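Annotated features in Swiss-Prot:
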type	residues	note
BINDING	Thr232, Ala233, Glu234, Glu286, Ser385	L-serine binding site
BINDING	Arg263, Ser264, Glu265, Glu350, Ile351, Ser352, Ser353	ATP binding site
Amino acid sequence: MLDLKLIRQKPEWAKEKLAARAIKGEEIDELLALDTRRRQVTVQTEELKAKRNDVSGQIAVMKRNKENADDQIKAMREVGQKIAALDKELAQLNEKVTYILVRLPNFPADDVPMSLNEDDSREEYKWGNMPTFDFEPKHHWDIGEKLGILDFERAAKVAGSRFVYYKGAGARLERAVYNFFLDEHQKEGYEEIIPPYLVNNDSMFGTGQFPKFTDATYTITNDGEPLTLIPTAEVPLVNYYRNDIVDAEKLPVNFTALTPAFRSEAGSAGRDTRGLIRMHQFNKVEMVKFCKPEDSWKQLQNLIHDAEDLLQKLGLPYHVITLASNDASFTSAKTNDLEVWMPAQDRYREISSCSNCTDFQARRAQIRYRDDDGKLQFVHTLNGSGLAVGRTVASILENYQQADGSVKIPDVLVPYMQGQTAITKED
């Protein structure tokens, strides 16, 4: 959530920043007008309540002195009616201000490409050599089905489209990938967490998924209370400290978790209908950081490095891009995507998004720490995929495919595959 005080102090700056995220200036004008009226009503209410308290004291004295206080009592009834009307207006104003404020995205950082067009995202650099083949490279879904390690057809029978069965060596490869990821993150100082896979509405609000993206999630009811299947481990990890004060000496705090992610993919009809790229359920290893505001840009670089390190050790070519302002996530001030090379598609595909959310989530979730002066401040939160497991499997199948239809296993994963160096049809 944005700092309303900052919008109040720098309205034109706020309009310019949010225009790069498709927010109209009229929305900010409406917010500020409501905020101004709210502050006026608050002052009027406080003045009337102070007057009521003073006169109530006078009435008590008059009654003790057996003086007639009818006029004062009548006047206080009128004051009470005015206070009740103002309280009602104030509640309505609070609701309207909150409605607008919680739907405004984060301010984009100064070095982000300011554009409403995702094509204006900026490539920063590339790593690795794209593999060359003396045959036409196959798509990962064709490879997986021919090797008998991925079964989309039976998954569709059981659950519908955008689901998959991993089988045999495919299941072992998926497990090898996420165990490798978790081990590497642990070496880098992340604390491994196994969080709840269902979260309440307050948690979804805290990380910014609700109220804007309710259509993109799956929700169940438990004893009349809604619970949402997590779209990412970011939600339970960030909310670990919701309504809490983090010990400043512990900052930065680094969490990592392997969880399934559940997404309805509303609005994705016709996109990536085959393969592992866009699923309703997929495994993902997430990285989350909590830090002091002055450290968050350095921590973003650390986050990117930790994601890159995995791709480099797997020998998978990729590039890093800075997303255009309107392509970044709702909560993010800056997002760097890592996109891995997919030979059969002849293009890069996202495998990690690393975002600095500044104090946006912390303000919604009320996550704070005490500074050197003992004053409460909001932490900054960061999150990144480290990495999306299914997409990693897909990229391994495509980049390491062999002419005979087998797939070589990246060297770093061989120990996780009990020494197996390739997946063949016999596996």
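Backbone N, Cα and C atoms are what each Cβ position is placed from, and that goes for glycine too.
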Worksheet entry | From Ser264, Glu265, Glu350, Ile351, Ser352, Ser353, the binding-site residues whose CA lies within 10 Å of that of Thr232 (L-serine binding site) | none
Discussion item. I want to verify one value. Collapsing DSSP to three states, which class is Glu350 (ATP binding site)?
Written reply: strand
Worksheet item: If you measure C-alpha to C-alpha, which of Ala233, Glu234, Ser385 (binding-site residues) come within 10 angstroms of Ser352 (ATP binding site)?
Response: Ser385
Fill in: Span of the ATP site, taken as the largest CA to CA distance across Arg263, Ser264, Glu265, Glu350, Ile351, Ser352, Ser353 (Å, rounded to a whole number)
19
Response to the item:
Other C-beta atoms within 10 angstroms of the C-beta of Ser264 (ATP binding site) total 17
Fill in: Most distant Cα pair in Å, residues Thr232, Ala233, Glu234, Glu286, Ser385 binding L-serine
9
Discussion item. Long-range neighbours only, meaning 6 or more apart in sequence with Cβ under 8 Å: which ones does Glu350 (ATP binding site) have?
Written reply: Asp337, Leu338, Glu339, Ala388, Arg391
Worksheet item: Could you state the CA-to-CA distance between Ser353 (ATP binding site) and Ser385 (L-serine binding site) to the nearest Å?
Response: 6
Worksheet item: If you run the three-state DSSP split on Thr232 (L-serine binding site), which class comes out?
Response: coil
Worksheet entry | Minimum Cα separation from Ala233 (L-serine binding site), reported as the residue among binding-site residues Arg263, Ser264, Glu265, Ile351 that achieves it | Arg263
Response to the item:
Cβ proximity for Glu265 (ATP binding site), under 8 A, sequence spacing 6+, ordered by residue number, returns Arg162, Ala216, Arg278, His280
Worksheet item: Since the record lists Thr232, Ser352, Ser353 as binding-site residues, which of them has the fewest other Cβ atoms within 10 Å of its Cβ?
Response: Ser353
